[in-house]
């Protein structure tokens with residue numbers, strides 16, 4: 001081209017003619033045209049620009065399937081780039097190959113195809129982008145020609161440039177989302193972009209602030225069998241691999257899932273073929289929390305808040321010390337966690353307790369850090385002017401290996417006031433003469449478990465010490481326990497005061513040297529007794545300590561006449577050879593309800609009447625160390641009933657009863673709906689004690705497929721040996737065999753019914769060419785006729801009766817290239833010899849039948865002629881004259897249908 005001339009818009013008449021000719025030029029290749037204006041024509045401003053834009057839109061309509069307007073999208077779901085982003089228009093050659101997105105035509109002035117920053121990128125900017133406004137009609141435009149008043153020539157060049165743009169869906173495929181709440185939708189599979197992309201493989205990564213998790217709810221889910229949607233939690237951090245929460249077979253509309261971390265992934269795959277439906281998922285962030293810290297043994301924990309910033313404070317029971325941090329803080333993070341390990345409560349082996357007021361001394365457990373041998377020394381010091389009272393709560397020492405000594409003072413040289421080798425355990429306890437006590441425990445590999453719990457209390461010298469009653473309660477008239485105060489004792493259920501009977505109260509006496517006028521009673525679990533309360537407890541002798549051998553205890557439990565007794569076995573751990581027998585009635589002569597031995601789990605028993613008898617027998621003999629803890633039985637009265645408790649039908653299932661009323665012996669049979677399996681016993685029986693033989697079962701949805709099995713001449717690889725929903729089984733054949741059928745089977749769930757495999761199990765067939773059917777021999781036939789036979793298959797031939805087979809009866813297809821039969825097909829020939837007994841067959845048999853038949857016909861015809869022609873008599877023997885003349889052969893009737901002498905033919909078959 002030469003020197004560019006000044007450009008003027010084309011005259012409106014020419015543009016209008018070109019616009020009218022668009023239907024004829026539609027589909028033709030675009031090319032540049034020079035349009036020269038008529039001399040003396042004026043330069044239109046706004047009207048010519050509008051017509052140019054109309055022309056531009058008409059040129060865009062290159063086919064009926066691509067009806068785009070300038071700067072618009074055909075599919076409303078394919079949004080334009082976000083605001084602020086620049087859509088580059090590259091310089092392209094005139095002939096461009098089709099791209100993967102919609103084609104947009106841009107008009108650039110001066111023939112510049114998007115090159116340089118001065119060229120506008122699009123004639124009409126897409127929504128959401130910023131572009132310079134069009135020039136106002138009133139504002140002067142830029143100079144169109146050289147300065148100096150030279151004659152200007154206007155040339156308009158329309159350049160059509162094919163621009164490949166990348167468009168995105170509202171929620172982009174492979175997109176990172178950081179908002180706290182929103183929606184994730186599947187891309188439109190019917191859009192032009194999706195049709196050209198082929199297989200869609202999209203990953204939506206949702207991440208929120210640390211300390212928050214992500215909760216999703218499936219609002220719409222309509223996927224085909226070929227489409228897959230995976231929900232994964234985690235990922236995005238080193239060492240934190242994503243964990244599968246669910247796949248498309250496990251998801252359902254309305255389902256809610258929570259990610260335990262601040263990141264969640266949605267992985268969607270879809271084939272190229274557009275399908276309806278898709279998915280729509282709502283997501284929102286929720287505040288994560290630390291797990292509840294475990295309670296330490298012999299201690300407890302109190303938590304202010306489980307969310308980040310909350311604290312957990314640990315404390316130990318009396319006699320135990322905390323090992324570790326007393327307070328833990330919930331720290332924020334991808335997964336909030338406590339800032340330390342959970343502490344433990346340990347009994348210390350010795351130590352000094354200053355300013356003692358109230359507390360305990362507990363022996364540590366042998367072994368571990370302290371070793372099998374113990375030497376523990378405690379010093380208990382009270383404040384000035386106070387003394388100490390030591391109460392023996394629980395003591396179990398090995399006579400040969402354990403020793404406990406208590407001294408009134410604070411040194412090993414203080415006077416001994418108790419020695420386990422010489423003294424019995426003081427039920428009243430010990431009182432120090434000074435403000436200190438020295439306690440020493442020695443244990444050398446004991447044969448029996450070591451148990452020691454001593455309760456100490458400091459009290460004023462002008463007052464009595466506070467009485468203590470293990471397994472009981474103490475009420476007093478003076479909480480300060482000054483002289484004159486009364487203390488009354490009562491035991492907890494299952495225990496009895498010892499010594500029994502009144503007085504059950506003691507008094508603080510002697511103002512000069514205050515002391516109690518009697519010893520404190522004790523609450524002990526007794527061996528036997530009569531119990532008539534509506535509810536109570538039966539304990540083994542000396543509970544919670546182990547019972548001693550040589551026990552024979554009988555308890556009688558009685559309630560109101562119209563009631564019966566429900567017995568709950570909470571703890572049962574008796575020695576081998578010991579037995580607890582329950583009698584359904586008053587006395588050991590009643591029917592035996594149950595006999596319990598050794599350790600037993602928790603269970604319930606029901607009497608038939610208002611009386612129940614319990615007998616515990618432990619033969620005398622040396623105790624078995626480590627066993628025989630005892631038992632704890634709770635009882636209460638319940639209404640009398642002659643039926644077992646009503647059991648509701650299971651969810652997703654039903655039950656049938658053998659009787660209308662749930663009386664003794666009634667059998668309940670449980671079944672589940674299709675797609676669910678029964679967890680528990682399917683048959684329950686109402687027992688004699690009106691309790692069911694087992695806990696009611698439940699119906700659980702089956703989430704596994706049946707084992708599809710192995711294949712001959714091949715092997716398989718399973719992603720999960722249990723075949724859960726979503727698992728895959730890959731089949732492969734041995735060398736020389738080819739797979740017929742689907743190579744991979746997928747277990748998918750169904751709304752009704754059990755999970756099912758996506759296809760049938762394939763087969764492994766030989767890779768050799770099949771043998772063609774050799775044909776059927778004349779006068780013979782084959783078994784299982786088909787056109788092709790695989791290598792190794794056999795074909796068998798048979799002949800019809802009267803023919804004999806010449807050749808091989810069975811031929812086999814031998815593998816090869818090509819495969820061949822082992823021999824030629826046989827022939828069927830007529831049998832040479834005939835059995836004499838069958839000589840009448842064929843023509844002889846026909847002659848034997850037709851010859852007698854012909855004789856019968858001849859004789860019958862002769863008799864007929866004889867009677868009718870020769871004798872002139874009727875064959876039927878009618879007699880008498882008639883009132884009409886016989887009709888002769890020459891009748892007056894002219895109708896041939898009534899002509900005499902008609903001929904009839906009879907066909908006789910035998």
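Placed from the backbone N, Cα and C atoms, the Cβ positions cover glycine too.
If you check Swiss-Prot, you get these features:
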type: DISULFID; residues: 173-202; note: disulfide bond
type: DISULFID; residues: 290-330; note: disulfide bond
type: DISULFID; residues: 316-345; note: disulfide bond
type: DISULFID; residues: 349-376; note: disulfide bond
type: DISULFID; residues: 491-523; note: disulfide bond
type: DISULFID; residues: 527-553; note: disulfide bond
type: DISULFID; residues: 644-686; note: disulfide bond
type: DISULFID; residues: 672-699; note: disulfide bond
type: DISULFID; residues: 705-747; note: disulfide bond
type: DISULFID; residues: 733-764; note: disulfide bond
type: DISULFID; residues: 771-813; note: disulfide bond
type: DISULFID; residues: 799-828; note: disulfide bond
type: DOMAIN; residues: 288-347; note: domain 'Sushi 1'
type: DOMAIN; residues: 642-701; note: domain 'Sushi 3'
type: DOMAIN; residues: 769-830; note: domain 'Sushi 5'
type: CARBOHYD; residues: 176; note: N-linked glycosylation site
type: CARBOHYD; residues: 222; note: N-linked glycosylation site
type: CARBOHYD; residues: 247; note: N-linked glycosylation site
type: CARBOHYD; residues: 332; note: N-linked glycosylation site
type: CARBOHYD; residues: 355; note: N-linked glycosylation site
type: CARBOHYD; residues: 373; note: N-linked glycosylation site
type: CARBOHYD; residues: 473; note: N-linked glycosylation site
type: CARBOHYD; residues: 517; note: N-linked glycosylation site
type: CARBOHYD; residues: 641; note: N-linked glycosylation site
type: TOPO_DOM; residues: 28-844; note: topological domain 'Extracellular'
type: TOPO_DOM; residues: 866-910; note: topological domain 'Cytoplasmic'
| message | Using CB atoms and a 10 A radius, I'd like the single residue among the disulfide-bonded residues 349, 799 with the highest neighbour count. | response | 799
| Same-chain residues at least 6 apart in sequence whose Cβ lies under 8 Å from residue 176 (N-linked glycosylation site) | 205, 207
| Residue among glycosylation sites 222, 247, 355 with least C-beta crowding, 10 angstrom cut-off | 355
| note | Within 10 angstroms of the C-beta of residue 644 (disulfide bond), the count of other C-beta atoms across all shown chains comes to 23
| request: Please spell out the DSSP helix, strand and coil residue counts for the domain 'Sushi 3' (642-701). | output: 0 helix, 24 strand, 36 coil
| Residue among disulfide-bonded residues 173, 316, 747, 764, 828 with least C-beta crowding, 10 angstrom cut-off | 173
| field | Secondary structure content of the domain 'Sushi 5' (769-830), with strand meaning DSSP E or B | value | 0 helix, 28 strand, 34 coil
| Rounded to the nearest Å - Cα separation of residue 349 (disulfide bond) and residue 747 (disulfide bond) | 61
| When the Cα-Cα distance from residue 764 (disulfide bond) is computed for each of the recorded positions 376, 517, 699, 813, which gives the smallest value? | 813
| Where does residue 332 (N-linked glycosylation site) sit in DSSP terms: helix, strand, or coil? | coil
| query | Near the Cβ of residue 332 (N-linked glycosylation site), how many other Cβ atoms are there if near means within 10 Å? | reply | 17
| task | Please report how many Å separate the Cα atom of residue 813 (disulfide bond) from that of residue 799 (disulfide bond), as a whole number. | result | 21
| Counting across all protein chains shown, how many other Cβ atoms sit within 10 Å of the Cβ of residue 733 (disulfide bond)? | 21
| Cβ neighbour count within 10 Å of residue 699 (disulfide bond) | 21
